Amino acid sequence: MVDNTSQNTSDALNVAVTGAAGQIAYSLLFRLAAGEISPGRKVNLRLIEIEPAKRAAEGVTMELKDAAFPLLGDVTVHTDAREGFQDADVVFLVGAKPRQKGQERADLLAANGAIFGPQGEALGEVAPNARVLVVGNPANTNAAILAAHAKGIAPNRITAMMRLDHNRALSQAADRLDVPVSALSGMVVWGNHSASQFPDATALRAAGEPVFEKLGTEWISEEFIPRVAKRGAEIIEVRGHSSAASAASAAIDHMRDWLLGTEGDEWVSVALPSDGSYGVPEGLVFGFPCRSVNGEWEIVQGLELGEEQKQRIARTQQELEEELAAVREAGFID
Ligand code: NAD
Ligand code: LMR
């Protein structure tokens, strides 16, 4: 269900995308223009880039026009984020450096952390009702920086992307069980979008039937969890660049479900500022099982967690606490 509380009074959906000339945006923008998060609704695109990449973003605009998407409205290019965010209903914060081979995502904090404070302030001022997805890495802590600066934006409107991890986990489990991904429900990826994440198949079902035993505890701990958690690095190793089309696809899945609702009782993985659920301290942007109800993310409550799950959740929580302490130390958050 699309909400009608946005500041945008036209029927069109205003979508702002930073990093618009980058590799993720090169897939994301075309899927947005095709109406994938807003079927039947006109889409205005605001492409935000830094000055050196402005001309390349103009080239992307030319291609968007050349594709003659029936739902595409205005496309504009901005180097001033505040101008690009004006009246945005939906914001994808993709603009940030990707990591290189051998780096961890947290190694990007010094370079990318500085981007998200000013963008948070700008969003709070010109688009307080926007739904925001942080994709740029390290996504969770960048989103925590953003949330600390985005006065006036409800905490559950600021999210970081766990959906790529969620989709990767579904795909690995579907292959193991030899079932289509569409048969699976109950997956969750807890914590940080990093190697410490906890892809949790404990509640996984295939066509409604529990499959944890069938997957096997050895396969889960020796293959599934490390494979999903380190998939980003594996893609960089094999493709030579970090994931792009699959990241864009996950961003589309995240925003479509947010706007239109998740299916029935099913949940997906979303990182958002903790409200204390499952004992996770407030202020950490943490991957939780979430449902989208009436256009808002709600953390699924009441999942019973065993000792091993609690330990794995504590591990990823600790890493996020360390990242948050580091960005405080660096002055990105007061
Ligand atoms: P890219 O280098 O191809 O593109 C990034 C773009 O951002 C560049 O065009 C750059 O000019 C622009 N940019 C930099 N600073 C900006 C700013 N302040 N405002 C606006 N634009 C700015 O990188 P990419 O492959 O598109 O990846 C982008 C980010 O997404 C990286 O940090 C990457 O690690 C991350 N990523 C996250 C996930 C996830 O699941 N959360 C998945 C894949 C990639
Ligand atoms: C991913 O998971 O593919 C992205 O976060 C890119 C990366 O650095 O791993």
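Any Cβ shown, glycine's included, is placed from N, Cα and C.
What TrEMBL lists as domain 'Lactate/malate dehydrogenase N-terminal' is 14-152.
Summarising the annotation, TrEMBL assigns NAD(+) binding site to GLY19, ALA20, ALA21, GLY22, GLN23, ILE24, ALA25, ASN112, GLN119, VAL135, GLY136, ASN137. In three-state terms derived from DSSP, ALA21 (NAD(+) binding site) belongs to neither a helical nor a strand segment and is classed as coil. Non-local neighbourhood of ALA21 (NAD(+) binding site): LEU47, GLU49, ALA53, LYS54, ALA56, ALA57, GLY59, VAL60, each in the same chain, at least six residues away, with C-beta under 8 Å from its C-beta.
Mapped onto three states, the DSSP output places ARG99 (substrate binding site) in coil. ARG99 (substrate binding site) counts 19 other C-beta atoms within 10 Å of its own C-beta, drawing on all protein chains shown. Residues annotated as substrate binding site in TrEMBL: ARG99, ARG105, ASN137, ARG168.
The domain 'Lactate/malate dehydrogenase C-terminal' (163-327) scores a mean pLDDT of 97 in the predicted structure. As annotated by TrEMBL, domain 'Lactate/malate dehydrogenase C-terminal' applies to 163-327.
Positions annotated as active site, proton acceptor by TrEMBL: HIS193. Close to HIS193 (active site, proton acceptor) in the fold, though at least 6 residues off in sequence, lie ARG105, ASN137, PRO138, ALA139, ASN140, ALA160, MET161, MET162, LEU164, ASP165, ALA271, GLY287, each with a CB less than 8 Å from its CB.
If you look up TrEMBL, you'll see 303-330 marked as coiled coil.
For ARG168 (substrate binding site), the number of other Cβ atoms no farther than 10 Å from its own Cβ, over all displayed protein chains, is 22.
Per DSSP, the secondary structure of the domain 'Lactate/malate dehydrogenase N-terminal' (14-152) breaks down as 65 helix, 26 strand, 48 coil. Among the recorded positions GLN119, ARG168, HIS193, the residues whose Cβ sits under 6 Å from any atom of ligand 1 are HIS193. If you draw a 10 Å sphere around the CB of GLY19 (NAD(+) binding site), it holds 26 other CB atoms from the protein chains shown.
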